Amino acid sequence: MKRRYFGTDGIRGQSNVFPMTPDLAMRVGIAAGTIFRRGNHRHRVVIGKDTRLSGYMLENAMVAGFTAAGLDAFILGPIPTPAVAMLTRSLRCDIGVMISASHNPYEDNGIKLFGPDGYKLSDDLEAEIEDLLEKDLNAQLAKSDDIGRAKRVDGVHDRYIEHAKRTLPRDVTLQGLRIAIDCANGAAYKVAPAVLWELGAEVVTIGNEPNGTNINLNCGSTSPVALQKKVDEVRADIGIALDGDADRVIIVDENGSIVDGDQLMAVIAESWAESQQLRGNGIVATVMSNLGLERFLDDRGMALARTRVGDRYVVEHMRQHNYNVGGEQSGHIVLSDYGTTGDGLVAALQILAAVKRTGRTVSEVCRRFEPVPQLLRNVRISGGKPLEDIQVQKAIADAEAELAKNGRLVIRPSGTEPLIRVMAEGDDRAQIERIVNELIGTISNVRTAA
C-alpha cells in the first residue's frame, strides 16, 4: 500500500509546506503517542532536533501533540540522531523523536521515530500511525487531568559524549593525531569535537557555528570540499565530515582524498574479523554499495548481504541474521555492538582505532579495495510511474542482459525526493556510461510524454 506521509526515513519535506507543517507534526505526536500509550506506567517521549530554523516550530508542535495524548515530553534540544535513539532506551521512554532532514538543506525538515528499544519504527507501525492520521484524533486526547508535562532535560549531551568515548577500544588513545572535523553546522557541533578532544586528539573544527540556515551549506559529508581544504591547511592526519544529524560520516585522508562508506565498512569488517568481534562472518549493505566491496569481502571469506536502500532496512537485516556491522555507501554506518542506528562519530572512532593500532596513515588504512566504475544519475519526476512503462522495462531488461555477471544495475524511486535514481556499475566504464545515459533518455522521454 502506498504511504502518504512516511518515506524511507520517516516523514520529510519542505518546512511549512505539507506534510512538514506544525499541524501535521502535532497530529503525528497525538497519533504516535496514542499507539505507544500502553500499560499503566507514566508514558514518556524524548524529542531531539538538529539546528534548522524550523526545528523550534516543529519541536513545539510535537510537544503539544504528545502531551495532549498524555505523554510526558523530555525536550533535548540540538543533539545527534544516534543520541536520541540511545536516550530513548536509557531514559526508559516509550518513543523517541528526531526532528531533522539529515543531509538536506535547511529549508527541509523531517520527523524520525524510534521505539522504546531505540530502533526506528517498522513499516507496520508507521502504517498504524498513518491510519490514525486520517481519522478524527479528538477521541484520542487524554483527559484533562492526564495531560502530559514537558521539560527540557540537562546533561544529555554529556551522556552521549561518554557513550561515544566508551566505543573506542581501551588500549587506544588518540594522542598524537591531528583531526579536522566538519560538524555540518548541525546537531553534533558541540559533542563531536568534545569527544575527540577528551580522547586525546588535537582537534581543528569547522562547521560548528549553526545559525539556523547554514546546516549542510557548503559543509558536512555531502559537501566535503571545505574539509579537504582544512586538512591541507592544517596538515591534519585525518578529516571527519558528519552530516546535519550526525548519523553518517565521510572521511578525508591526509592527502585530501575522500573515503566513502563502502571503504569504511571494509576497514571495520577486516579489523573486527581479526579481533573476532565481527558477527555473521560478513556485513550488511544496500544495493547501492560498490561491487568492489563485495569482491573484497569475498576474497577474505566474508559475505555481503544486500538490502533495499535505507539504513532502517540494513538494521532490520542485521537484527534478523545476527550481523553487527552494516551501512550504506553514503556513510550511514551501523555498529550494533554500540547502537541501534547509524552513528557517524562512533564509526569514525573505529577507523581511528584501526589507524592507531597499525601505525599506518589514513590513506594506507582506508584504501581497502579498488572500486569498480559506478555511475549514479537522477531523473526528476513530477508524477506518474515511469518505471511501469513498457519501453522503460524493456530498456532495463536489455541493460541487465548486457551487463550479465560483469556488472550491476539498480533503478529505483527515491524514498525522500521526487526522483528516479539510475545506477550502473561494472568493469567497463564506457559501457556503464552508455547504459546509464540510454536509460536516462528513455525514462525522460516517457516522463515528458506523460
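Positions of Cβ are set from backbone N, Cα and C atoms, glycine also.
When Swiss-Prot records D243, D245, D247 as binding Mg(2+), the matching candidate from S102, S122, S382 it lists for that site is S102. Counting only same-chain residues at least 6 apart in sequence, those with a Cβ under 8 Å from the Cβ of D243 (Mg(2+) binding site) are S102, H103, A184, G186, N216, G220, S221, T222, V249, G331, G344. Listed in chain order, the extra residues whose Cβ falls within 8 Å of the Cβ center of the Mg(2+) site residues S102, D243, D245, D247 are D50, P80, T81, S100, H103, G186, A187, L242, G244, A246, R248, G342, G344.
Classification of S102 (Mg(2+) binding site) by DSSP places it in coil, neither helical nor stranded.
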